[in-house]
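According to TrEMBL, the substrate binding site annotation covers Tyr15, Gly42, Lys109, Tyr132, Asn187, Asn292, Arg388. What TrEMBL records for 35-405 is domain 'Aminotransferase class I/classII large'. Look at TrEMBL and you will find Tyr72, Ser108, Lys109, Tyr132, Asn187, Tyr218, Ser246, Phe247, Ser248, Arg257, Asn292 tagged as pyridoxal 5'-phosphate binding site. The N6-(pyridoxal phosphate)lysine annotation in TrEMBL covers Lys249.
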Amino acid sequence: MAFINENYTKLPGSYLFSDIAKKVNEFKAAHPEANVIRLGIGDVTKPLPSAIINAMHAAVDEMADASTFRGYGPEQGYDFLVNTIVENDYKARGLDISADEIFVSDGSKSDTGNIGDILGLDNIVAVTDPVYPVYVDTNVMSGRAGELQANGKWNKLVYIPCTSENDFVPSLPTEKVDIVYLCYPNNPTGTTLTKDQLKVWVDYALQNKVLILFDGAYKEFITESDVPHSIYEIEGAREVAIEFRSFSKTAGFTGTRCAYTVVPKTVMGYTKTGEKVSYNKLWNRRHTTKFNGVPYIIQRAAEACFSAEGKKQIKDIIDYYMNNAKIIREGLTSEGLQVYGGVNSPYIWVKTPKGMTSWGFFDYLLNDLHVVGTPGVGFGPSGEGYLRLTAFGTLENTKEAVSRLKKISI
Ligand code: PLP
């Protein structure tokens, strides 16, 4: 008889986005004439730019010729991509990251989930609240989260509230913590930490031997100069932080799939007997055992993101989304709503008016204004009383949605 991993049975059955889809579908069935605008999606809508498409086409042709055909490649990524990442994303910014510290993968969702494979099950894990749900759910699956309580929290996780009350700056935990997930610019709140604010966390991690798992999926949306693009801009971070980066939101790769994780050789974990072990060694072992590399064609596409033409085209797309963010932010602010994020991130975090719940505000927007957002409470208990809007729609839909949102009577 084979037994299941019972931790999986603890995960709540329905998922936030399927609940939303169900409500929207029901509404559309009842009101087929309504023009429903979705500002809830976390997916990009613009197609891949030509520099990337051309690189993919060229790579496809290489696959058709015996002299240039590629089979299995290095699990960690081809040198041409790894070296391009090191040069452009790190060396050009004066950051000391070497090629054997980069692991190319099929996504940061996989990497932020799979990183748990190399972490002991007794570690105490902290998450900011609200949070990208993958960090929590993958710790539930491995057994580090414990049991779900009536207040929506898992009893073994440490939740660090990030709300308008603390300006979305997480306070250092007062209890013992071994691992902390930080995501900046943040999904879902769209807020960021300055270099000084992130330094507080790096110093804390150095003093307390805490491992920081830093998710930088939205770094390309940063517009302000005091916001770090990489945690390694903070002195000492090479000793305590693993960084996750993705081409998904940066370059429209949500359906193309490419990301990378940086595991500096200087980040150490400990055995039960106190012996130091490099996470780089462990992640290399895990990655080469369980993963066979990102397709050659996709790695050539990722490489093209760093060409002069690729950079320019990607920037134009990001500027387009950030213009949407500005329209949402300014439009809602002018109506007296409290709005956060949207300056260094494609996410806008709206405080619900009149003390409505997240779902109450969601229902109101859907039923009365035909606009879809994402209820903040779906991202954690501290998300209650907020709703997330995204800048990934078209300009036309964004403008139309904002003009409808201006009809909110608050
Ligand atoms: N990390 C964060 C914070 C995200 O919001 C997302 C996607 O929404 C991801 C990671 C997933 O990235 P990928 O598409 O590379 O798996």
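Any Cβ shown, glycine's included, is placed from N, Cα and C.
Annotated features taken from TrEMBL, shown on the structure.
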{"residue": "Tyr15", "record": "substrate binding site", "Cβ within 10 Å": "13"}
{"residue": "Gly42", "record": "substrate binding site", "Cβ within 10 Å": "17"}
{"residue": "Tyr72", "record": "pyridoxal 5'-phosphate binding site", "Cβ within 10 Å": "8"}
{"residue": "Lys109", "record": "substrate binding site", "Cβ within 10 Å": "19"}
{"residue": "Tyr132", "record": "substrate binding site", "Cβ within 10 Å": "22"}
{"residue": "Asn187", "record": "substrate binding site", "Cβ within 10 Å": "24"}
{"residue": "Ser246", "record": "pyridoxal 5'-phosphate binding site", "Cβ within 10 Å": "27"}
{"residue": "Lys249", "record": "N6-(pyridoxal phosphate)lysine", "Cβ within 10 Å": "24"}
{"residue": "Asn292", "record": "substrate binding site", "Cβ within 10 Å": "12"}
{"residue": "Arg388", "record": "substrate binding site", "Cβ within 10 Å": "25"}
*Of Tyr15, Gly42, Tyr72, Tyr132, Asn292, which binding-site residues come within 10 Å of the residue listed as 'N6-(pyridoxal phosphate)lysine', going by C-alpha to C-alpha distance?*
Gly42
*asked:* As a test of the contact definition, list every same-chain residue at least 6 positions from Ser248 (pyridoxal 5'-phosphate binding site) whose Cβ is closer than 8 Å to its Cβ.
replied: Val44, Gly107, Ser108, Ala217, Thr254, Arg257, Ala259
_binding-site residues clustered about Ser246 (pyridoxal 5'-phosphate binding site) [Cα within 10 Å; pool: Tyr15, Gly42, Tyr132, Asn187, Asn292, Arg388]_ = none
*In three-state terms from DSSP, label the residue listed as 'N6-(pyridoxal phosphate)lysine' for me.*
helix
*Arg388 (substrate binding site): secondary structure state under DSSP, collapsed to three categories*: strand
*In whole Å, could you give the widest CA to CA gap in the substrate site formed by Tyr15, Gly42, Lys109, Tyr132, Asn187, Asn292, Arg388?*
36
_Rounded Cα separation (Å) that holds between Gly42 (substrate binding site) and Tyr72 (pyridoxal 5'-phosphate binding site)_ = 32
*Sort Lys109 (substrate binding site) into helix, strand or coil using the DSSP assignment.*
helix
_Rounded inter-Cα distance in Å - Lys109 (substrate binding site), Tyr72 (pyridoxal 5'-phosphate binding site)_ = 23
_With the pyridoxal 5'-phosphate site defined by the record as Tyr72, Ser108, Lys109, Tyr132, Asn187, Tyr218, Ser246, Phe247, Ser248, Arg257, Asn292, how many Å span the farthest pair of C-alpha atoms?_
34
